[in-house]
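Undergrad: Pulled from TrEMBL, these are the listed features:
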REGION    A:1-25  region 'Disordered'
TRANSMEM  A:38-58  transmembrane segment
TRANSMEM  A:96-120  transmembrane segment
DOMAIN    A:97-286  domain 'ABC transmembrane type-1'
TRANSMEM  A:132-153  transmembrane segment
TRANSMEM  A:165-186  transmembrane segment
TRANSMEM  A:207-229  transmembrane segment
TRANSMEM  A:265-286  transmembrane segment
Amino acid sequence: MTLTRPGPRTASPTTSPAPATAPAPDGKRRGFLPFSGWHLLLAPLALLFAIPLVWLLLSSVMSDAEINRFPPALWPSGIDLGGYRYVLGNALFPRWFTNSLIVSAVAVTTNLLFGALGGYAFARMRFAGSKALLVLMLATMAVPFQLTMIPTFMVMKRLGLIDTLGALVLPSLVTPFAVFLLRQFFLSLPRELEEAAWLDGCSRMRVLFTIVLPLSRPALSTVAVLTFLTTWNDLTWPLIAINHDTHYTLQLGLTTFQGQHHTRWSAVMAGNVLTVLPVLLAFLGAQKSFIRSLTSTGLKG
Amino acid sequence: MPHHPAPLTVAGPPAGRPPDGDRRAAPPKSPSRGPRARRRRETATAWGFVAPAVVVILGLSVLPVIWSLLLSFQANDLVTPSRWVGLDNYRALAADPHFAQAVRNTLLYTVLYVPLSLVGGLGLALALNRRIRLVGLYRTLIFVPFVVSATAQGVLFSFILDPEFGAANSLLTRLGLTPQGFLTDPAQALPVLVAVTLWSGVGFCVVVYLAALQDVPQSLIEAARLDGAGRRHILRHVTLPALTPVTVFLVLWQIIESLQVFDLVYVTTKGGPLGSTTVIVYFIWEQAFKSFTAGYGAAAAYVLALALGVTGLAMRLVRGRAGRKPGSTRRSRTARRTGAPPPHTPGRPATAAGTEGAAR
């Protein structure tokens, strides 16, 4: 162990770390393989994580005959779109997709809007009760959903919203997370930019919308992506709040669809692909900012 | 507005500014009313800004927390008016074998999932933390399952693990092994659910650890290497201590996640077979929305919330101590060392005593 890399140690008394001239940075052995030995470990591991999703895609284009024989086929003999045709022809599935889209779109929009307004007030305005309110807001971030779901159901029932999309939209209008995250971001912006506009007589609202928000795109995209992910993927609350199948979201619809069509696996998997695809595309499209947001919120939490 | 500092920071000849600044800084016409009125206006605007958030958060978080507490002392069927029963719900919970089973299952799930996801996440992050070709692709593939909803995971894996039509058993038969029951086997169902969650959840630990690894100061690693520390020593004495705060955070996060597991159970096993996968949240949901004993469900929810609160508090304490003790002392020691580079003493072991001696 102590014998590793005696060369660079004596050769570089300066503090320059890992110079490019070092023969084997990272301590990997050269010449043994035409590529780094780490590939031998990482490639199979990555494949292991990919296989279930590959299998999802493959089985969605298999015929039910292929799936239902024993032992079932592991590779489709040809592309059979029967599953997709069944799912899209089933009147309810497109409906569920639309419902999910509506709920997610509303949640993303309102979280951005109300999160920005609230976050800006907490970041830049000093007002009576602001400190207490901020503490309260932070405290509610720690409240588990299971604690509030029963009374929330009762509130929604009194409002006459149970079994409507309103019941799904209302609790996700704005989260303390969105307010807090945007507040933190606004605090990191230099005040001088706003002050100039301020002194020219702009209102708070105008300063926020014309100066602050255009500078806050990273934080706004974080809120948008995470809000979309949580509302699109949620199952618990729709399960509680919705009874009638025309108001199902995609997640809720998919579980019941699976229960009712136990032998039509190709259709179930086609529906599953359609459920996963939007978040997958959103993730691949915004991968960098997505991961940055996860780690930054994670490390601070 | 009054709290804004005068724009001293604005450099250069402020052509149009002084009048504005004067107007702001000197409200002599109404010395007592001016700033106060402005402050009142500011408060009104601010409350307007936070109003939507406050309404939603008060109405759907603070109010339900209190309501839930009251409910837990009542018998309520979600339809007829509720009846006050004092501590009966909690007493019944303590005696309920189904609740005891749910607690046991949840704890087993947590005990399996949390360490495995952390060790797996750390191992993968260490392996992925290098500049080789395709590493971006590997990272993406390992992380992608994280965005797949628990519902989609549940539907997908109940297909793959279906005892008759599933690919898993098909593969096992082809390899000449005995087919398994997986989610239909009471002895296997819970560990199988843990494995499914690991598939989707490890990516989160990997991403957080990878970010933390970027933050380990390169100078520390270099200093340790100069002192002759091998890779294993660097990992044990430099990298891992530097990761301690992140590890504590992840432990907390993963415990909270696993105590709240529900969607996957609902989609795959519905608590079965033989109650072997009934977890606490599934129990709460069943009591409140299937058996319509909302008060009883609320009491169980409060027990869960208490457990979550205690976890959070305990971790906060541990983190406070971990932040001060092993990680930071070692860091300062090494920092001291890098601050004053040791004279060339090759072959000196990188023990704490050795470096301290050298630093003095």
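Any Cβ shown, glycine's included, is placed from N, Cα and C.
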Undergrad: Restricting to CB pairs under 8 Å, which listed stretch, A:96-120, A:132-153, A:165-186, A:207-229, A:265-286, is in contact most with the transmembrane segment (A:38-58)?
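TA: Maximum Cβ contact count belongs to A:265-286.
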Undergrad: Which sequence-distant residues neighbour the transmembrane segment (A:165-186)? Criterion: at least 6 residues beyond either end, Cβ under 8 Å.
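TA: Residues 99, 102-103, 106-107, 110-112, 114-116, 118-120, 122-124, 134, 137-138, 140-141, 152, 156, 159, 212, 216, 218-220, 222-223, 226-227, 230-231, 237-238, 241-242, 247, 249, 297, 300 contact the transmembrane segment (A:165-186) from elsewhere in the chain.
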Undergrad: Cβ under 8 Å to the transmembrane segment (A:207-229), counting only same-chain residues 6 or more beyond its ends: which ones?
TA: 104, 107-108, 111-112, 115-117, 120, 172, 175, 177-178, 181-182, 184-186, 189, 193-194, 197-198, 279, 282-283, 286, 289-290, 292-293, 297
